[in-house]
């Protein structure tokens, strides 16, 4: 349900995920309890805060103000309990209630809800809405806290502003981080589901691919044998020359069928060796060597790996391109190049213009007469199915070029990193703004009444110092070490400004709150930096440098009484360095824990994806094994007999064997298109898991036997 001016995404709620094995009280398991417990806890904290506020404002707590305060606390608790249903509305309502309650009750009636309560609502907004909406809400709260603190607490509201502002900054950052984590989990689940679907489709896809290969490389040869043999048998009496021509054509087509089938079986066999990249490289080299034996010089340059389907597609393109050069450009030089270029796998087959005297050559017109174009259309379709594209045409210097661009394996980013939100640049700018607004506003509000407002020049200088110090946050993810060095270098301007008297003494301690910038960069180093634990030294460096800056700033601004002497500043420097180093160490530990958790999740996801991919590969391998066995037993033997009978001049037997081989091929193709057939030898967890398994070898053999019996009569 969208309740605000932004887009509310359907991500999980903002409550922490409860492990399945966790043992929790029944009262804590319901969503209603998780909604109400934080609200009730804040209400109790608010009531406990009242006595302290009464000490600050004596005489303000009468019966009517207390009653109004109780009503305001109850209403705020009810509103926060509904924060999941209408996050933006609840945030606005709690903020408005915190503004109205002091006027009808007493000043501190809703201090806790104005700070921690608004922070909880802001956290929910950051989790459930897109990043721009959350950032706008955070900036609105920043401006509101400025006005609220100034109007309610006057010149003494600096501490109160810090009390209500710091939790909201933390809530905004935690909410954005939680949202990113939830989106990463959803993306991981989607990838796993996609991989599972691919596994289920693997066997079926492999069947269709093999069926297409079988049809393309062999079926038309067998059909040609049957047609020519039957025609010669019917017309042999009147035209005897047809018999010799049919026998010669049958022998040629039979050999072509055997060659194509043996090549297909060899490819399927080599794919089982587990080194697909080397397999396809070797196949291309063997193909080039075969053309070289025909007197065709072929130069091969394989500068890229050829794994999996990409290698198969590249091999098919090279094979078809070389075949076209053999037909249309005999005697010309051919170059085959496979390389990575600009993130894609580039496959190029170039041939020079054929010699005019070459046999079968057509001179300069050979390029224009490159067949009917059906082969090129098939190549383009094959490249498109692989996610690439193919171009073919004349070269500027003469000859022909076939060039394909295929997706280069390994170019996609590896897992293990959480996806960045779309508004990350805006988020970084806002974090930088918050870094210097957070310490700035309370100091501006905490102006001593006897002194009057600050000089605008001092305020401007303060803004510049904090903004320059926060600027490195913009590149803390891209270059965290450089960002830390820049932040520490900008902190050295603080004692210089204090020494020149450009800033009044009350403003100087507010500069020290800028240490949050170094803390953010240290966290980024621990959680996302490429150096890992080797960058742990930055904790001590940041703590010591900032500790020295604190001591130098205090000494330059003469913040301590003169009676303490220089030793007091040395002690302040040591204490500040120790405290800051300890705080940065805690920040580092938190970031390292985040990195470890993310790495474990990424490793778990990769393991699941790898297991799914292996199952898909086993399913496809089972298809190849069964089809290869079926080809050897049911088709190739008959194709060999077709060639043998044609060479012996036995036309009737040629026609019968060709019909039997074609029927066996059709039976194999039919079973390839039938889902749910159990493949022989396919174990559980392999192809059988997909429900779409390879054709049974027994079924292929039985079909061939039935057709052989029918043809015998």
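Note: Cβ is positioned from N, Cα and C throughout, glycine not excepted.
TrEMBL labels come from automatic prediction, so no person has curated them.
Annotation source TrEMBL lists transmembrane segment at 64-81 (among others).
TrEMBL lists 88-106 (among others) with the feature transmembrane segment.
The transmembrane segment annotation in TrEMBL covers 158-176 (among others).
Marked as coiled coil by TrEMBL: 186-213 (among others).
Feature annotation from TrEMBL assigns region 'Disordered' to 386-417 (among others).
Under the heading transmembrane segment, TrEMBL lists 426-445 (among others).
Annotation comment: TrEMBL describes 457-475 (among others) as transmembrane segment.
Annotated transmembrane segment per TrEMBL: 482-501 (among others), in sequence order.
Marked as transmembrane segment by TrEMBL: 507-525 (among others).
Beyond its flanks by at least six residues, the transmembrane segment (537-556) meets 481, 484, 488, 491-492, 494-496, 498-499, 508, 511-512, 515, 518, 521-522, 525, 566, 569-570, 572-585, 588 of its own chain at Cβ-Cβ distances under 8 Å. According to TrEMBL, the transmembrane segment annotation covers 537-556 (among others).
Marked as transmembrane segment by TrEMBL: 568-588 (among others).
Note on the coiled coil (599-626): its mean pLDDT in the predicted model is 72. Residues or ranges marked as coiled coil in TrEMBL: 599-626 (among others).
The annotation region 'Disordered' is assigned in TrEMBL to 675-713 (among others).
According to TrEMBL, the compositional bias 'Gly residues' annotation covers 678-688.
Taken from TrEMBL, the feature compositional bias 'Low complexity' covers 689-713.
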*asked:* Can you tell me which recorded stretch out of 64-81, 507-525, 568-588 has the most Cβ pairs within less than 8 Å of the transmembrane segment (88-106)?
replied: 64-81
*When you scan the chain for residues with a C-beta under 8 Å from the transmembrane segment (568-588), skipping those not six or more beyond its ends, what do you find?*
512, 515, 518-519, 522-523, 525-526, 536, 539-540, 542-544, 546-548, 550-552, 554-555, 560
